[in-house]
Amino acid sequence: MLLLPLSVLILLTQPPRSLGAEMKTYSQRAVANACALVMCSPMENGLPGRDGRDGREGPRGEKGDPGLPGAVGRAGMPGLAGPVGPKGDNGSTGEPGAKGDIGPCGPPGPPGIPGPAGKEGPSGQQGNIGPPGTPGPKGETGPKGEVGALGMQGSTGARGPAGLKGERGAPGERGAPGSAGAAGPAGATGPQGPSGARGPPGLKGDRGPPGERGAKGESGLPGITALRQQVETLQGQVQRLQKAFSQYKKVELFPNGRGVGEKIFKTGGFEKTFQDAQQVCTQAGGQMASPRSETENEALSQLVTAQNKAAFLSMTDIKTEGNFTYPTGEPLVYANWAPGEPNNNGGSSGAENCVEIFPNGKWNDKACGELRLVICEF
């Protein structure tokens, strides 16, 4: 009788979800306990005995197998939105849309940066030389020029007067022994001895020994004072010759020549082609003018101004166009080209392979067949 209230109490204290399992367990226990109190036997053999006393609770049985899964519950509330996933790959390019209408013209842009300056145009042809201007006032006397170079050696002068007698020189060194001298004189006759018996004639006596050589005389040196006087006389003559030659050169060069250092520029005032001018200067023992400095170029400018004619110079670019050289083939060490020159713009006259100098000292390339003033360099 106590089993029923006990079972109810256990059921009330268990959670609802384990109610089915407990009922099954309880049912199994009740049957076991009933069999323990009353000897059970098959119904065929007779009635069961009366109930005995309640036995003690047996040991806990093993855990039964899990039950069948329950029915699926209702869907829960939707969770919160998760974070934004990574960007997907670009889709394929769609077909181009239809061309839109032309929009209105935009405002004009700011002006661009000015472009670089263009190349300088070719220089115009050289104009003709204008008429000579009126002579200017006489200039001031220039500074004294440099002493000219030593002139050529003159012819031998007349023999000068004999110099003064020099002083006696110091004694000379002792000379080497001289050769054997001549035989010495015979000795003095001795006193006559007593007359002896006349013997046979004796043999000829030997040659006597050479006598001693006399001392060598002293030799005098040339007079130093006289030599110095001769040198001073020659120096004075050279200075007088240089001065006379310098004056002669100035007279000879004026007005158609100029001297610069060791060079002399000379003109006859006539005009020739370049080739003819070369021949004229070569036959005269010189060459065409080749200015190698500003000073030499200025001297040529003075000659050209005096003649009022442009003159040919010796340089050409016949071998290599644009590369002017001296007659020796050397490149130029000095040049004074006019602006835009050389330009080889010969026009109908042909290539400009020669050089001319104007009265202002500027150079211009010119056709070699033209006529220009001839200036030779010596």
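Cβ coordinates come from backbone N, Cα and C, glycine included.
Note that the structure is a prediction, hence the values are computed from the model and not measured.
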- Disulfide-linked residue for Cys281, taking Swiss-Prot as the record, within Cys354, Cys368, Cys376: Cys376
- Starting from each candidate's C-beta and looking 10 angstroms out, tell me which of the disulfide-bonded residues Cys281, Cys354, Cys368, Cys376 has the most other C-beta atoms. Cys354
- Task: Could you check what DSSP calls Cys368 (disulfide bond) once collapsed to helix, strand or coil?
- Result: coil
- Kindly assign Cys354 (disulfide bond) to one of the three DSSP-derived states: helix, strand or coil. strand
- Mean of pLDDT values spanning the domain 'C-type lectin' (260-378): 93
- Task: Report, in whole Å, the straight Cα-to-Cα distance of Cys376 (disulfide bond) from Cys354 (disulfide bond).
- Result: 16
- Message: Measuring Cα to Cα, how many Å separate Lys99 (5-hydroxylysine) from Cys281 (disulfide bond)?
- Response: 86
